[in-house]
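Report on one structure; see the data block that follows.
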């Protein structure tokens, strides 16, 4: 119990520190010198699916089930609108409950989940999506990703097909991948192209997001360029890595989140 309460307090503190950077008017910043577009806690970016995704998301990786609901509810209360969970995290249900707890309209909230590596095949991926809907009680999931490019080519593409069908069924709004390198992205793009040639435009699905680890010490320019060329949103997976912030009297979270946002990534 004591350990859970300590983790809860720590998580709430980090949420408040990060969001203070966005809610303090003296700390506004821009995407680029050319665009001069102001960023704030409500900033979003349009995905290939046509839906908007909040630029700032609250990830619940390694967040225990017994505190996930309260931490997520606190994040929403502070201004977050996007919670990023996964089947492998085993906290989808409390995270979704926390997201909805704050009485914010569902249309303003965004929930992400992911097909776990062990379920990267057609049948298992279909079952995982249905299980996520059952656990969360949501009518739809905003974004569903393939968590990793495991299982071999046939299984990867089968799992993607399952996500495409979930979109067609209204269970999921947008789909994407996670931890995909250029080789895997090329493979998926070719499958989408071939499927559309056989079955018609849109039948291969719309790749909206690639979630990867990305920060100043792991630039991954090839992935960045690939996604940029095709309008695929790059989500930064856990960019909070290093203590550079002392120089600027900011937290590490604020420094690296700002770096990612100014690069037009989605942390």
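Here, residue 1 is simply the first one shown, and the rest follow in order.
Positions of Cβ are set from backbone N, Cα and C atoms, glycine also.
Caution: TrEMBL annotation is automatic and unverified by curators.
Given the structure is predicted, the values throughout are model-derived calculations rather than measurements.
Copied from TrEMBL, the annotated features are:
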ACT_SITE  89  active site, proton donor
BINDING   147  substrate binding site
DOMAIN    62-245  domain 'NADP-dependent oxidoreductase'
SITE      114  site 'Lowers pKa of active site Tyr'
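Between the alpha carbons (Cα) of residue 89 (active site, proton donor) and residue 114 (site 'Lowers pKa of active site Tyr') lies a span of roughly 9 Å. In this structure, the recorded positions 89, 114, 147 were compared by how many other Cβ atoms lie within 10 Å of their Cβ, and the smallest count belongs to 89.
Under the three-state DSSP scheme, the residue listed as 'substrate binding site' falls in the coil class. Between the alpha carbons (Cα) of residue 147 (substrate binding site) and residue 114 (site 'Lowers pKa of active site Tyr') lies a span of roughly 5 Å.
In the three-state DSSP assignment, the secondary structure recorded for residue 89 (active site, proton donor) is helix. Classification of residue 114 (site 'Lowers pKa of active site Tyr') by DSSP places it within a strand. Per-residue pLDDT, averaged over the domain 'NADP-dependent oxidoreductase' (62-245), rounds to 94.
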